[in-house]
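*Asks:* Pulled the feature table from TrEMBL, pasting it below:
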DOMAIN    60-167  domain 'Phosphatidic acid phosphatase type 2/haloperoxidase'
TRANSMEM  125-144  transmembrane segment
TRANSMEM  156-179  transmembrane segment
TRANSMEM  186-201  transmembrane segment
TRANSMEM  207-228  transmembrane segment
TRANSMEM  240-258  transmembrane segment
TRANSMEM  278-306  transmembrane segment
Amino acid sequence: MMNEMNDILIAGLDIITAVQQLRSPAADTIFRGITLLGHEEFYLLVLPLILWCMDFRIGVRLSFVVLLSHYVNISAKDFFAEPRPFIFRPEVQLFPADGYSLPSNHAQTGLVFWLALAWLAQKRYLWLIGGGLALLIGFSRVYLGVHFPTDVLAGWGLGAILLLGFGLIEPLLAAWVGWLRPRHQGVLAILGPIFLFWLHPCKESASVVAALSGAGIGLILAQQYFITAGLVPQGEWPKLAGRVFVGLTGLIIIWAGLKMVFPHENNDYFLYFRYIRYWLAGIWLTLGAPWLFDATGLTSGIAGTVPGKNMLDNTKTMR
């Protein structure tokens, strides 16, 4: 951990102090709201909506790159071990935050999410909206005193690298995974995340790799049995609303409900149960919820899929 400040961090603190000279109650409220767009809860809400009600294939890809971004950020934070600004100057903190500071996950994953969505959906207006939101989310972290400006810049830079790599490698990776037999895909979905956890074992990485594994297994099974062949993105608003209610209710029960009954951090088995909780959340997203939608008559084909079509196909169908 960096116990001493260097000139860059001192300058960063001065910038935070200068930015906060523009404070007002309205600005505080606005930027606290904007920063929530980078919280875990935001992605837990929005990614399922894209999966279940807009375009399943785009949702799968978006979920993958967002989880990958989280994993990379966790690893980078622990590597640099940079304290947050309020450790040195407590009065600048305007919002709760914990853990290390460099790079900013809000800035990094905010950029990755919004620009990956724009690229996958092929919508020009999403580039403008997404780019603007990514900038605002990053600025909010400086305004609220929870990140140095360099943390935000590093987050944007790392996010841009991830996006570039995603754009270049993902089509090849998707084609290769789609070529594998289902049982080999299952082995990959189990062992790949375990390997990532072995590289960087901690509670945060356990959440990410477990969700990756669960969602991957669910995707394989859903594809085998065409469970996601019945959802459409337009029309039938009662069915769309039903999916949202049923799906999010199940997700909350798994994510929040099991958190209350599973062992807490001081328990020796905490990591195992955390892994199980996020694994179940992942498989609920891609298998459990779509199956329940189908069983309860909430489907009429999932967005962007047709029976027998490989969900790893690169075709973009978001309207």
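Numbers here mean position along the shown chain, with the first residue as 1.
Any Cβ shown, glycine's included, is placed from N, Cα and C.
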*Asks:* Could you tell me whether the transmembrane segment (186-201) and the transmembrane segment (207-228) have 3+ CB pairs under 8 A, leaving out pairs under 6 positions apart?
*Replies:* yes
*Asks:* Please indicate, using numbers and ranges, the residues of the same chain that are 6 or more beyond the transmembrane segment (240-258) and have a C-beta under 8 Å from a C-beta there.
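*Replies:* Those are 44-45, 48-49, 52-53, 231, 273, 276-278, 280-281, 284-285, 288-289, 292-293, 296, 298, in sequence order.
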*Asks:* Averaged over the domain 'Phosphatidic acid phosphatase type 2/haloperoxidase' (60-167), what pLDDT does the predicted model reach?
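*Replies:* Across the domain 'Phosphatidic acid phosphatase type 2/haloperoxidase' (60-167), the average pLDDT comes out at 94.
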